[in-house]
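Please read the structure below before turning to the comments.
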Amino acid sequence: MADKMDMSLDDIIKLNRNQRRVNRGGGPRRNRPAIARGGRNRPAPYSRPKPLPDKWQHDLFDSGCGGGEGVETGAKLLVSNLDFGVSDADIQELFAEFGTLKKAAVDYDRSGRSLGTADVHFERRADALKAMKQYKGVPLDGRPMDIQLVASQIDPQRRPAQSGNRGGMTRSRGSGGFGGRGSQGRGRGTGRNSKQQQLSAEELDAQLDAYNARMDTS
(Lines of atoms letter the chains of each structure in order from A and count residues from 1; the text may use other names and numbers.)
(Lines give C-alpha, C1' and ligand atoms only; values in the text may rest on other atoms or scores of the structure.)
Protein backbone atom coordinates (compact mmCIF):
# COMPACT_ATOMS: atom_id res chain seq x y z
CA MET A 1 0.00 0.00 0.00
CA ALA A 2 1.36 3.40 -0.92
CA ASP A 3 2.57 5.72 1.80
CA LYS A 4 -0.20 8.10 2.92
CA MET A 5 2.20 11.01 2.53
CA ASP A 6 2.20 10.37 -1.23
CA MET A 7 -1.59 10.06 -1.48
CA SER A 8 -4.02 12.83 -2.26
CA LEU A 9 -6.31 14.34 0.36
CA ASP A 10 -9.44 12.66 -0.94
CA ASP A 11 -7.71 9.31 -1.42
CA ILE A 12 -6.78 9.22 2.28
CA ILE A 13 -10.38 9.96 3.28
CA LYS A 14 -11.72 7.26 0.97
CA LEU A 15 -9.18 4.75 2.31
CA ASN A 16 -10.18 5.35 5.93
CA ARG A 17 -13.86 5.42 5.05
CA ASN A 18 -13.57 2.02 3.32
CA GLN A 19 -11.89 0.60 6.41
CA ARG A 20 -14.77 1.84 8.58
CA ARG A 21 -17.34 0.26 6.23
CA VAL A 22 -16.00 -3.32 6.38
CA ASN A 23 -19.15 -4.56 8.12
CA ARG A 24 -21.59 -2.29 6.30
CA GLY A 25 -21.30 -3.63 2.78
CA GLY A 26 -20.14 -1.75 -0.28
CA GLY A 27 -22.34 1.21 -1.09
CA PRO A 28 -21.92 3.93 -3.69
CA ARG A 29 -18.86 6.06 -3.22
CA ARG A 30 -18.34 9.72 -3.98
CA ASN A 31 -15.75 10.55 -6.59
CA ARG A 32 -13.42 13.13 -5.07
CA PRO A 33 -10.94 15.11 -7.17
CA ALA A 34 -7.30 14.60 -6.37
CA ILE A 35 -5.75 17.25 -4.13
CA ALA A 36 -1.98 17.54 -4.38
CA ARG A 37 -0.25 17.87 -1.03
CA GLY A 38 3.30 17.87 0.19
CA GLY A 39 4.46 14.99 2.38
CA ARG A 40 3.48 15.35 6.01
CA ASN A 41 3.75 13.18 9.10
CA ARG A 42 0.21 12.63 10.34
CA PRO A 43 -0.22 13.31 14.08
CA ALA A 44 -2.12 11.33 16.68
CA PRO A 45 -5.88 10.95 16.15
CA TYR A 46 -8.21 13.73 17.22
CA SER A 47 -8.83 13.71 20.97
CA ARG A 48 -10.86 15.92 23.26
CA PRO A 49 -8.56 18.33 25.16
CA LYS A 50 -8.68 18.72 28.91
CA PRO A 51 -10.86 21.65 30.04
CA LEU A 52 -9.06 24.76 31.16
CA PRO A 53 -9.65 26.03 34.72
CA ASP A 54 -12.35 28.69 34.93
CA LYS A 55 -10.78 30.53 37.85
CA TRP A 56 -7.39 32.21 38.05
CA GLN A 57 -5.06 30.62 40.57
CA HIS A 58 -2.65 32.80 42.51
CA ASP A 59 1.05 32.04 42.18
CA LEU A 60 3.56 32.52 44.99
CA PHE A 61 5.64 35.13 43.24
CA ASP A 62 5.44 37.05 40.01
CA SER A 63 8.56 38.94 39.03
CA GLY A 64 6.93 40.66 36.01
CA CYS A 65 5.53 44.15 36.50
CA GLY A 66 4.12 44.84 33.04
CA GLY A 67 1.94 41.95 31.93
CA GLY A 68 0.48 43.83 28.99
CA GLU A 69 0.48 40.96 26.51
CA GLY A 70 -2.28 38.37 26.33
CA VAL A 71 -1.88 34.62 26.51
CA GLU A 72 -2.97 32.90 23.31
CA THR A 73 -5.46 30.11 23.83
CA GLY A 74 -6.08 29.04 20.24
CA ALA A 75 -7.75 30.04 16.99
CA LYS A 76 -10.90 29.14 15.09
CA LEU A 77 -11.45 28.59 11.38
CA LEU A 78 -14.81 28.82 9.63
CA VAL A 79 -14.93 26.48 6.63
CA SER A 80 -17.76 27.06 4.16
CA ASN A 81 -18.94 25.97 0.69
CA LEU A 82 -18.70 22.33 1.75
CA ASP A 83 -20.45 19.50 -0.02
CA PHE A 84 -23.45 18.35 2.02
CA GLY A 85 -21.98 14.84 2.19
CA VAL A 86 -18.85 15.94 4.12
CA SER A 87 -18.96 14.56 7.67
CA ASP A 88 -17.43 15.46 11.04
CA ALA A 89 -14.92 12.64 10.60
CA ASP A 90 -13.83 14.09 7.25
CA ILE A 91 -13.21 17.53 8.77
CA GLN A 92 -11.32 16.09 11.74
CA GLU A 93 -9.17 13.97 9.45
CA LEU A 94 -8.35 16.86 7.11
CA PHE A 95 -7.26 19.35 9.76
CA ALA A 96 -5.77 17.13 12.50
CA GLU A 97 -2.50 16.84 10.58
CA PHE A 98 -1.69 20.51 11.27
CA GLY A 99 -1.93 20.38 15.06
CA THR A 100 -4.06 19.53 18.09
CA LEU A 101 -7.75 20.27 17.65
CA LYS A 102 -10.14 21.44 20.33
CA LYS A 103 -13.12 20.85 18.07
CA ALA A 104 -13.81 20.06 14.42
CA ALA A 105 -17.41 19.57 13.37
CA VAL A 106 -19.86 20.25 10.56
CA ASP A 107 -22.77 22.61 11.30
CA TYR A 108 -26.24 21.06 11.02
CA ASP A 109 -29.75 22.47 11.15
CA ARG A 110 -32.44 21.21 13.54
CA SER A 111 -33.45 18.45 11.18
CA GLY A 112 -29.89 17.12 11.01
CA ARG A 113 -29.07 18.36 7.52
CA SER A 114 -25.65 19.82 6.83
CA LEU A 115 -25.46 23.59 6.36
CA GLY A 116 -22.34 23.29 4.22
CA THR A 117 -20.12 24.88 6.89
CA ALA A 118 -17.82 23.62 9.64
CA ASP A 119 -16.04 25.05 12.68
CA VAL A 120 -12.44 24.02 13.37
CA HIS A 121 -10.82 25.06 16.67
CA PHE A 122 -7.02 24.73 17.00
CA GLU A 123 -5.09 24.94 20.26
CA ARG A 124 -2.39 27.02 18.51
CA ARG A 125 -2.96 29.97 16.20
CA ALA A 126 0.07 29.04 14.08
CA ASP A 127 -1.50 25.66 13.28
CA ALA A 128 -4.72 27.35 12.20
CA LEU A 129 -2.83 29.70 9.89
CA LYS A 130 -0.98 26.78 8.30
CA ALA A 131 -4.22 24.91 7.69
CA MET A 132 -5.88 27.98 6.23
CA LYS A 133 -2.98 28.63 3.88
CA GLN A 134 -2.86 24.98 2.77
CA TYR A 135 -6.57 24.33 2.17
CA LYS A 136 -8.09 27.69 1.24
CA GLY A 137 -9.64 27.33 -2.22
CA VAL A 138 -8.76 23.62 -2.46
CA PRO A 139 -11.66 21.53 -3.88
CA LEU A 140 -13.24 18.92 -1.63
CA ASP A 141 -15.83 16.76 -3.37
CA GLY A 142 -15.64 19.16 -6.28
CA ARG A 143 -16.35 22.31 -4.23
CA PRO A 144 -13.50 24.71 -3.31
CA MET A 145 -13.29 25.24 0.42
CA ASP A 146 -13.69 28.82 1.63
CA ILE A 147 -11.79 29.26 4.92
CA GLN A 148 -11.85 32.31 7.18
CA LEU A 149 -9.93 32.97 10.37
CA VAL A 150 -12.28 33.98 13.18
CA ALA A 151 -11.11 36.46 15.83
CA SER A 152 -8.41 35.01 18.10
CA GLN A 153 -9.25 33.80 21.57
CA ILE A 154 -7.02 35.80 23.93
CA ASP A 155 -6.88 35.40 27.68
CA PRO A 156 -5.48 38.69 29.08
CA GLN A 157 -2.88 38.36 31.80
CA ARG A 158 -3.53 39.96 35.16
CA ARG A 159 -1.51 43.12 35.75
CA PRO A 160 0.00 43.98 39.15
CA ALA A 161 -1.37 47.30 40.42
CA GLN A 162 0.38 49.80 42.71
CA SER A 163 -1.24 49.96 46.15
CA GLY A 164 -1.81 53.45 47.55
CA ASN A 165 -1.48 52.40 51.20
CA ARG A 166 1.39 49.91 50.91
CA GLY A 167 4.87 50.03 49.61
CA GLY A 168 4.66 46.72 47.77
CA MET A 169 2.84 45.50 44.69
CA THR A 170 -0.46 43.66 44.72
CA ARG A 171 -1.92 41.58 41.94
CA SER A 172 -5.31 42.59 40.57
CA ARG A 173 -7.61 40.73 38.26
CA GLY A 174 -7.97 41.98 34.70
CA SER A 175 -11.46 43.00 33.73
CA GLY A 176 -11.28 41.70 30.19
CA GLY A 177 -12.61 38.36 29.02
CA PHE A 178 -12.11 36.73 25.69
CA GLY A 179 -11.26 39.55 23.29
CA GLY A 180 -11.62 40.05 19.61
CA ARG A 181 -15.24 39.00 19.14
CA GLY A 182 -17.85 41.41 17.84
CA SER A 183 -21.17 42.02 19.58
CA GLN A 184 -23.19 40.56 16.76
CA GLY A 185 -24.64 37.07 16.96
CA ARG A 186 -23.53 34.25 14.74
CA GLY A 187 -24.57 34.70 11.16
CA ARG A 188 -23.83 33.05 7.88
CA GLY A 189 -22.78 34.27 4.48
CA THR A 190 -22.52 38.04 4.19
CA GLY A 191 -24.14 38.57 7.58
CA ARG A 192 -20.99 37.77 9.55
CA ASN A 193 -19.04 40.45 11.40
CA SER A 194 -17.43 42.89 8.98
CA LYS A 195 -14.12 42.61 10.83
CA GLN A 196 -13.71 39.02 9.63
CA GLN A 197 -11.84 39.70 6.43
CA GLN A 198 -10.22 37.11 4.27
CA LEU A 199 -6.45 37.18 4.52
CA SER A 200 -4.16 37.02 1.54
CA ALA A 201 -1.29 34.55 1.34
CA GLU A 202 1.20 37.33 2.09
CA GLU A 203 -0.72 38.36 5.21
CA LEU A 204 -0.88 34.76 6.38
CA ASP A 205 2.88 34.38 5.91
CA ALA A 206 3.50 37.60 7.82
CA GLN A 207 1.30 36.52 10.74
CA LEU A 208 2.89 33.09 10.85
CA ASP A 209 6.43 34.54 10.80
CA ALA A 210 5.54 37.01 13.54
CA TYR A 211 4.06 34.25 15.68
CA ASN A 212 7.11 31.99 15.27
CA ALA A 213 9.46 34.88 16.08
CA ARG A 214 7.52 35.63 19.26
CA MET A 215 7.59 31.98 20.31
CA ASP A 216 11.37 31.78 19.71
CA THR A 217 12.05 34.76 22.00
CA SER A 218 9.71 33.62 24.79
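If you go along the chain as it appears here, the first residue is 1 and each next one adds 1.
Placed from the backbone N, Cα and C atoms, the Cβ positions cover glycine too.
When the residues ARG20, ARG37, ARG113 are compared with Swiss-Prot, the one annotated as omega-N-methylarginine is ARG37. Considering ARG21, ARG188, the record held by Swiss-Prot lists ARG188, annotated as asymmetric dimethylarginine. Within the list ARG24, ARG30, ARG158, the entry that Swiss-Prot describes as asymmetric dimethylarginine is ARG24.
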